[in-house]
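Database features (Swiss-Prot):
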| type | residues | note |
| --- | --- | --- |
| BINDING | Asn132, Thr381 | pyridoxal 5'-phosphate binding site |
| MOD_RES | Lys106 | N6-(pyridoxal phosphate)lysine |
Amino acid sequence: MIPKYRIRCISGGEIVPDITSLSCPAGHDSLLRTEYTSRRLQLSYHSGIFRYLCWLPVTAPLLPSGGPVTFTSDELSRELGLSRLAISFSGYSPEHHASLTTGSFKELEALATLQRLWELGKKIPVIASAGNTGRAFAGLSAQYGKPVVVVVPSSAVSRLWTTTPAQDVFLVAVDGDYTDAIAVSTALATVPGCVPEGGARNVARRDGMGTTVLDAAVTLGRIPDHYFQAVGSGTGAIAAWEAALRLIGDGRYGTKLPRLHLAQNKPFTPIVLAWQQRRRTFKPELDMPDAPNAIKEVMSPVLTNRSPPYGIGGGLFDALQATEGQMYAVSNDEGKKGMALIRDTLGIDPDPAAAVATAALVQAAAAGTVGPDDSILLNITGGGYERIREDYTLYPIEPSVTVNQHETGDTLKAELSRWVAHYG
């Protein structure tokens, strides 16, 4: 039987035999990428992201599932003077047929990742999150009864809730920021029975998020000229680039990559600063001179990753370079105006990160960076929280344990081991 896909090291070009690998066994500092046997996008009869099952690294769908929706808005187009603006929305809005009850496009990556891990050995994923990713995995855990370990900064605990009581979530709150949560999660992933979710290195995560571009291309009949999104790690933007590469290989949706227009939230803008000088590596003293305080000031905490997959082979630097991309620094005031614009024209309360992306589009339209008749895709990566609260009861997730930012010791691992044993 011909395998559905294989994975290849982007930097070295070699095929990696172990499809569970998160890194190149030859030692290249590089992401791995899926290569699907089917070069043509074949739509399935399933709903949500599994409509694009042929380009997801799983053999069966996880149902029921939601997915991104692509639509246009005459009102928003008129407001910005952009005649061919399309919106990709991953959140909750029954009027727009959007059914992600965690309110975030992180649900797209969680669906693909949970199903893939289940198929590859039923390991329990350990996820570090600034809020949205953790909520997505917790929400699907509650829906499907699959155990997950979520590690978040203490400040993000309030952003973790589900619409079904979560019985299978081990939540660790870390007194620190997102980078500290990543360090703790790395240690916990060594507990037997657990496995690191992988972040940007996880091909299922990227291919799941890439369905936003697949859905847009199918809906519009072509790859858009421009793609707008706010980024913290930039994994979603890498996913958009990779999805576009596959669509070009298909041959029916165009031959040109979309230009990536990516935004960060002032005053924390390390990717903006590094890309302005076309540097592949960060200089912390220039790009993150006062990171702890800068992170506290942003309106969108999920955009504050201090260690994004920027310089790694196949990472965000390469995506920006390949697409002649542009970075935008968006102030909180601009973000709030972007939030009001989406609310007024689409009737959706957007996630703050999506408001930042909208503000970047406003900047680009005003500067003439995008033309009035260009095909543009704005990725509204989350929203609809007010409607979720109207339609569902929300169940907050209480931490199983709270630790300091330097805690990676045996006591914490032993507590997790006891919890994991219930699923053995």
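Backbone N, Cα and C define each Cβ position, glycine as well.
Projection of Swiss-Prot feature records onto the structure.
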{"residue": "Lys106", "record": "N6-(pyridoxal phosphate)lysine", "Cβ within 10 Å": "30"}
{"residue": "Asn132", "record": "pyridoxal 5'-phosphate binding site", "Cβ within 10 Å": "26"}
{"residue": "Thr381", "record": "pyridoxal 5'-phosphate binding site", "Cβ within 10 Å": "29"}
- Note on the structure: Integer Å value for the Cα distance linking Thr381 (pyridoxal 5'-phosphate binding site) with the residue listed as 'N6-(pyridoxal phosphate)lysine' is 8
- For Asn132 (pyridoxal 5'-phosphate binding site) and the residue listed as 'N6-(pyridoxal phosphate)lysine', the CA-to-CA distance in whole Å is 6
- Message: Please report the three-state DSSP label of Lys106 (N6-(pyridoxal phosphate)lysine).
- Response: helix
